[in-house]
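**Q** My questions all concern the structure below.
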């Protein structure tokens, strides 16, 4: 009667078995499962009591007990279990039998020696733990007792026949009684005759090694044929399967032999894995060096290991270990193995947090590698969490960060909202173009403005583009002048015919006598193209509407980039870099525009009026970063003759690597200044800026003089008198 009201324990079990992919593993059936509450994947070993013999049931209960009590990183991890009158359930981490794993790897080209070396290292270490620390004998070592988790790490299972060296109260049957096919894995000596009790496990370890490299063992005599066993492993393997049990090495000794110099388990992969296992107790300097070396080795590591073993450690090192910028390169390398959903869940939150870092090395590496993760960032995160931190780079005292910040706008612009793009960004671009003391940065600002022009709204384009490119055309740096000319050409569709005639052509005509031949060549091409446009309208006024159709066009969205430049620009053979390489020393001087000695003998190609979008007017990407970019051009000199510092001259890790407000102001920056976003592009003329500085200085001196006069008139303060001013 009471059994009628009893609840079925299977229904209350927290795990659900999935019917697919069930396979036999000894006396157990291995099934995939998941936790009912969270959907977390698990593996479930099921034994049906009604279908087994009394001996098998005895082994199943012994395995249940051992799996539950034995805990070691290299032994199959017990999660939960259930024992009923009808069946036994052992829930473990999600694993795959080694035989199935190696078969899958063979279809992909075979498991690498690195992966096998680490797998065997783990199995031998688990066996050593049982033999030397727990004083237990496994008695069931073989391919069927090894499982592989999601990270590709090998785990020792098959604990059905584990016995104590001192002897158990219950005698378990040997494996060959349950499965006669396993007799070929038994050592040649009789049980208990010669050698330690663990020598049988060591012999079966040798059989496992043979099967890993050569497939299923047909008979015991086949162990003499080495087959595909690596030469580095041969001498140690021969010791395992020696006929004399007394000379077989202890598992711990075998591990030391294989880890010796030149040994099979002495490689970068095993070293990295061992370091990751002990990373929590390593010194910070050791962690830094490890992550630096890790990037070079990741390409040879198994993909699953990178995703499930290396990635969590990288994220933990950043979150809690203060690893800093050194984790970025390996982090992005591992990120290539992730799906879009996994990338969004695991890496993007960390990247967003990294952008708030004050570490300069972190900031510049994020900017340099933005192309690898920009597609995973949504617009809300870019505008609210990333852009506010990135813009600080525009006012940084280090030119390398300013230059990299400008480049990053090519990637961020399509995701910026109206305020950040048309107001905040334009304000910073105006400051850089007018005041930055590095010619290449002023040039790159002009190039970037032209490339993001399609994303600006129509009103902002009309107010900004002509003023900005006209200013660039007057820049003392030749590459900046060329960028201004090509900026006009690349954005030709946004100018009305009247603007082309009254504002653009007069500016371009002054560059026809530029000292630099490349600038002159580009100016002539642009002039001919604009004249052709004007002639077309003059001949047929009805075409005016078609020619000016884009003047008031709406801003493009991120998915509709202009044909002449996508927002992910790569390549180094840009006009900007060409101009820089060809620039003569001292070319960044505001001399006369008279024709000087030509800097290039390249032939001038006649422009094609119908191929505006084919102009290669420059890419912001340079192979080796800002320092090599500048070194390949000139060594800039200030007006006093003191050399400007290059990116390579900065001590990134020292106190000089910290950006401070005082540093910024000492370099002439004015982060709080009102630069505007519209008409102020034209009001930032150099003479006016100098005049404003002079007036402020005069006013300061005047106030100081008045303050000094008041103090002198009052005389010295008496004791106890109160100072009022």
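Backbone N, Cα and C define each Cβ position, glycine as well.
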**Q** Need the matching range: TrEMBL marks region 'Disordered' on one of 583-616, 617-650, and I'd like to know which.
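**A** My reading of TrEMBL: the region 'Disordered' range is 583-616.
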**Q** Of the residues in the repeat 'HEAT' (386-424), how many are helix, strand and coil by DSSP?
**A** 34 helix, 0 strand, 5 coil
**Q** Tally the residues of the compositional bias 'Basic and acidic residues' (699-712) by DSSP class, grouping H, G and I as helix, E and B as strand, and everything else as coil.
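**A** Split by secondary structure, the compositional bias 'Basic and acidic residues' (699-712) comes out as 14 helix, 0 strand, 0 coil.
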